[in-house]
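In what follows, a single structure is set out as structure tokens and then discussed.
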Amino acid sequence: MQVNKNNAAKEMAKIEITIGKIMRIGVLIAAIFMLLGIAILLITSNSGYSNNSFPTSIIAIIKGIASMKAYAFMMAGTFFLILTPVLRVIVSIYAFWKEKDMIYVYITSTVLLILFISFLIGHN
Amino acid sequence: MFVHILIFLLVGIFAGTMGAILGLGGGMIVTPVITLGVGLDIKYAIGASIIAVIATSSGSTIAFLKDDVLNLRVAMLLEIATTVGAILGAILTGVINSDILYIFFGFLLVFSSWNMLRKLRAGNEILHLTKPDKLADKFKLNSSYYDKNLKKQIDYQVEHIPLGFSIMFGAGLASGMLGIGSGAFKVMALDNAMKMPLKPSSATSNLMMGVTAAASATVYFFNGSIRPDIAVPIALGILVGATIGSRVMQVLPSKVIRATFIPVLLYLGLQMVLKGLGVL
């Protein structure tokens, strides 16, 4: 019994460390895009857009990145950063599921569902 | 341009450090710098401050690969209340006079700073209930954390879950209606109402704020309130600051954190009341 418990605790610690690594990668990707954008901005002194405008749609951002525009990289980084808390919720569902804590699998999934609903409401 | 980026970067480092220590979003530092210091429209200040909240939250998340101070169960259970509150708040914007809301929430913060002062004077940081709370048992909310300042493992119990849930709902309403991060209300619910120790309260509030803010952030992102030249250097600064702050928080004595908290709460509360009264 004690051995089982120890194994479970060890496994949980492993899962938590994996989650920690996933979160670090997520934030790092956001930061790299932001830094690249700032670097391009400082080197070229050109945001890539006229009249202080900047891209706000995903398509415009992708197009801007393809032509190495500073603000496109910066907006992409910002968008990835916004997604990191959502990533945290998703990996938490996985952790609770691994822990066989079904109540919290449901609770955390509910949070994710409410987040999606708020995304939908926000864009109407 | 270079000077502006540098200033925002430094403001970010400061806001991130403070935000991570106290469990607040850092919006209260970022907003006045942008509106008063740089003189930009409040619209961009709100956009930058919502990014500040997320950066503080994610920055403190990645400070440790395995964060033992955070109470993930409490965070997720209460997150239901904040997110539903935030959606409802966004829908109800304009139904209730926002001046009245500012005054109400402002007084709530003033009251909670007085409560914190009482707790600081009483000196006992950790609650030990003789009778365990039924809901806390059911939802496995009682937990423990290793306090790096006291150098020992601290077990704690959580109580008044319905009250905490209600305050979190109110915090969500406030962030939906008024566009504020409402980290102060989250710490209030966890620390004042549910009697969680201050460090887990702050760490848990940090995680929750990011999740709540993510919901509204995409709206601001696509409607053009988030300006890359402002938000990006602030976010980068905050990521660095929050990683530092959450490490500092764990080694600081709880009393020091609480003593820092009291004037900040009082300031935030009075600012909201004055805003509601039309003085500010």
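Using N, Cα and C of the backbone, Cβ positions are placed for all residues, glycine too.
As written in TrEMBL, here are the features:
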TRANSMEM  B:7-30  transmembrane segment
TRANSMEM  B:42-65  transmembrane segment
TRANSMEM  B:72-94  transmembrane segment
TRANSMEM  B:100-117  transmembrane segment
TRANSMEM  B:161-185  transmembrane segment
TRANSMEM  B:205-223  transmembrane segment
TRANSMEM  B:230-250  transmembrane segment
TRANSMEM  B:256-274  transmembrane segment
Leading stretch by Cβ pairs under 8 Å, where the reference is the transmembrane segment (B:256-274) and the options are B:42-65, B:72-94, B:100-117, B:161-185, B:205-223: B:100-117
Stretch with greatest number of CB pairs under 8 Å, the transmembrane segment (B:42-65) reference, B:72-94, B:100-117, B:205-223 candidates: B:205-223
Close approaches to the transmembrane segment (B:100-117) from elsewhere in its chain (Cβ under 8 angstroms; 6 or more beyond its ends): 170, 174, 177-178, 184-185, 188, 191-192, 258, 261-263, 265-266, 268-277
